[in-house]
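In what follows, a structure is listed as structure tokens, so that the remarks can point back to it.
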Amino acid sequence: MVPSPSLVAEYAKSGRSSCKGCGKSIPSGSLRLGLSIKDPRGFNSTKWHHVGCFSSQSHPIVAKEIKGFSSLKGPDQDALRTLEAGGKSGPSSAKGGVRDNDGVDGSESDSEELKEKSLKKRKFDSEQEERKEKDINEPKMIGDGNKNDLAVAFSVSDIKNTYKDAKLPPKWKAFQTVIFHEQEDGLHSSEKIAAFDFDGCLANTTVYRVDPDDWSLMHPSIPEKLQSLYDSGYKLVIFTNEANIERWKNKRQVAVNFKIRMLENFMKLVKLPIQVFIACGLPLNKRNLTEDPFRKPKPGMWRLMEENFNSGIAIDRNQSFYVGDAAGRPNDHSDADIKFAQV
């Protein structure tokens, strides 16, 4: 059974999306209204519309309850309120009927028109249901075409229970070179994102660690700070690189278990729901000439979260942030985190 869609409004990030009503493109920066369908496995598929093409008769709306409504400009909020009012008015169903200008009972003269509208509505609803089923498994391009993006097609059918030859624990899945933690109870999608690197940021770890329990908090106040952010409506996210999972071909299962156990132990310690993405791809160098779109500083993990794992909610970048330790300072191992934060 297909879950009921939710509504989301935002300004188009690029001109690549097309309206499901008229089929024409939605210009970058223009207001678009979407039906976000949540797959039972936690993935999101959004059908975008021009506001003028959206049928509030088929999908009644309450403007102030639309996700992203509060972030819109005043005139665009008014446009959605007008759409809401139009949906509520609908065709009259008064039993007594209303006489038209020719003295004919309106309930009789309009009957054929109402029948035609009813047939069109049923056809529209049927087409929408077919689109929902199709779009859940239809590949979507990750990224907005920015020069810092590498195009990646996302499809639920590409989600795996293994990373190559390594089995993943329950609640962990893989998509291409990313391992991620499935959405759990208490993890709320939000327009406000508090994102962090793991090693050297949340957890104090060593490069040559041999025990997944051999780590400590970078600061004892971290659980309290994360709790405060969670209580303030932020979604907590971890973006971490772990090339050893790809590099250790003969011990890949060991590398996977090691990293995941460390992250799970951290989540148990802070007692908070956290969305986790692990980029397993190798860094670009003389021996590896293929650039991985998900490894920081590339924005692939962020795009994956933003476009497919946030319930269609537009992220407010003015209220969101990312914290990492690789800032390109003299003693830092790289500048990957500061570049990733600039996405």
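Every residue gets a Cβ built from N, Cα and C, even glycine.
What you are looking at is a predicted structure, and each value in this text was computed from that prediction instead of being measured.
Features as listed in TrEMBL:
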type	residues	note
COMPBIAS	124-138	compositional bias 'Basic and acidic residues'
DOMAIN	7-88	domain 'PARP-type'
REGION	73-143	region 'Disordered'
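Per DSSP, the domain 'PARP-type' (7-88) is made up of 24 helix, 23 strand, 35 coil.
Regional average pLDDT for the domain 'PARP-type' (7-88) in the model is 83.
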